């Protein structure tokens, strides 16, 4: 907030400099001017603030409030039950399973999906024929909506009649076919396969952008110094790509915590809860069973997990990338 | 950039106009409360008939009603099934319902009644509503008071592929549970998938448990268990055991746990394409089988859920439901008149002939020609007991728990005892 907003004759040499904290005993004129600047800033922010308040902050606070009630969603919550919804949450095998499945997805993403995306990015960063076509093809699934992806793969992995089983049968690998989404022990693997198909292109694009910002000279210098391909990758590319990697990991984890659409369309969390995520459980209780209080508790838990993760990640992992951002309290930034 | 002041003024003018427009619109909405200055009453009618030919037939009936009642306008609002349910949830929270709205009766209607939003129709429909098929009116009776008028009624039973039954040497549809299990074994030995089931959607699995509970305990005992919120009686455990007995024969199609109901690879299509011999489904089954798959036409037959040996429930007790209309509290007389018109013999004949519903007015039965639907109708007329779909009869949390725990039983992760216990637990919690 600088004072350049308004042509203010009195600002003189101070124009363009951020207002310093008012020293004790400042002149009343300066203080009045500061107040008017402050008011100007607030009036510019007001529309956005009001929208944020009404559409983001109030619903969050209301969910937090409703989580302490047994509430069916009709009228206002009135049956206060303290923390019962939260203790029930920790006893609910489905919710505990959700947490476990979330962890599985995060680990699988970090160990398989992102390295795969990185490998593709490095590959497509080389000079090769049809490079743009490949990039576009690999990115295309990300543009599809979750619902379309879900319906599509629901058909592909239909037992016996689906494309997957037909192709496997056609090349004599019937044994590898299976019940895919219908088999409790296979559903998470199948789901992860679909998620990888859909999202690796997005991460690949992030990495490509990161790779292109690495100066060629550095790699050339390493080459002249006699570094082999792996050493150049390990010693030059990877460290310089680290900020992009950190952001991509962040997006991937948050995405896993909030996963809903794809699961809902393909399996609705089934069979027998084996692919259910926190968001699916919340939907079941909120919109199918009308136990809105309990559903609020689930959403508060989801919010809490995301928030703690986001803050911790920013504080400890992204610190160097985001110097001066909200969590460090160092102000100014530099 | 032009003159910013002017464009800002233009924006202000536009937003003022929009604001006024909104006020005017909401003013119009308010009018539907009851007559306006010109003496016409507008009644708002919310339904879920978004598919043809029903959509046109209903609109034509509304026109006919308007022609007979020149001072009444019928405003039709049509929403797709799930959209309707979520829209109604929002309306209930706001406390104001449409004049006439679609209802399935049971637990959801009871919640709306308890919230004081629904008109009690007993006195206002006396005379003409008495003649309607008794079993059709059942879902809308709450504490013995009438809160809705049916336009459709149906029941769940087994729809079977006659050719596949013949192939397996099953000449007459089984009337007992052990006969049914024998038929399943016979079909399996001919490499025919006996049953198709949409495991992903859970409600089709619930039908088995509900019918078994009715056959073992009797419809009255099922009602009593719901009233007392206690399903732990030995009959309900026995129902679960019988279902386990069936699922241990592995009678369902491959991958049934992930199958949907009406998709091209779902339950209805599996039967409609001749890949499974039977499904347990409501009276709409032939239509969906032909829509999602090829359909079996005359090759499709119907038989009621078999009786369980030693059980207290008769084979004539039916499990099902239909569709009806309820009125918001304080709805104008014109809305009641419309319900009367809609449930008249002439209207019902039109509905039966053109939209494939079963008659609720006895005088409209002559319009029924399909042999399968005629046999469903015969069952319904002879019904000695009735139970509404459990996921509609019970409070939503309880209904979903029934679906969920029966699905767990079929997936092998819950025992018959655990099913009875978890339903009881949720029923007790749900006040």
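Please read every residue number as a count from 1 along the shown chain.
Positions of Cβ are set from backbone N, Cα and C atoms, glycine also.
Annotation comment: TrEMBL describes A:1-31 as region 'Disordered'.
Summarising the annotation, TrEMBL assigns compositional bias 'Pro residues' to A:16-26.
What TrEMBL lists as transmembrane segment is A:38-68 (among others).
Annotation source TrEMBL lists domain 'ABC transmembrane type-1' at A:99-313.
Listed as Cβ neighbours of the transmembrane segment (A:103-124) (distance under 8 Å, sequence separation of 6 or more from its ends, same chain) are residues 131, 134-135, 138, 188, 192, 195-196, 199-201, 203-205, 207-208, 211, 233, 237, 245, 248-249, 252-253, 256, 259. Annotation comment: TrEMBL describes A:103-124 (among others) as transmembrane segment.
The feature transmembrane segment is assigned by TrEMBL to A:136-158 (among others).
Residues annotated as transmembrane segment in TrEMBL: A:186-209 (among others). Away from its own ends, the transmembrane segment (A:186-209) comes close to residues 101, 104-105, 108-109, 112-114, 116-118, 120-122, 124-125, 135, 138-142, 144, 146, 149, 153, 157, 178-180, 241, 244-245, 247-248, 251-252, 255, 259, 262-263, 266-267, 270-271, 274-275 of its chain (Cβ-Cβ under 8 Å, at least six residues beyond either end).
Annotation comment: TrEMBL describes A:240-260 (among others) as transmembrane segment.
Here TrEMBL flags A:292-313 (among others) as transmembrane segment. Counting same-chain residues at least six beyond the ends of the transmembrane segment (A:292-313), those with a Cβ under 8 angstroms from any Cβ of the stretch are 60, 63-64, 66-73, 77, 79, 81, 85-86, 88-89, 95, 250, 253-254, 257-258, 278-279, 281-283, 285-286, 327.
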Outside the transmembrane segment (A:240-260), six or more residues from its ends: residues with CB under 8 Å to it: 102, 105-106, 109-110, 113-114, 117-118, 195, 199, 203, 206-207, 209-211, 214, 218, 277-280, 283, 302, 305-306, 309-310, 313, 317-318, 320-321
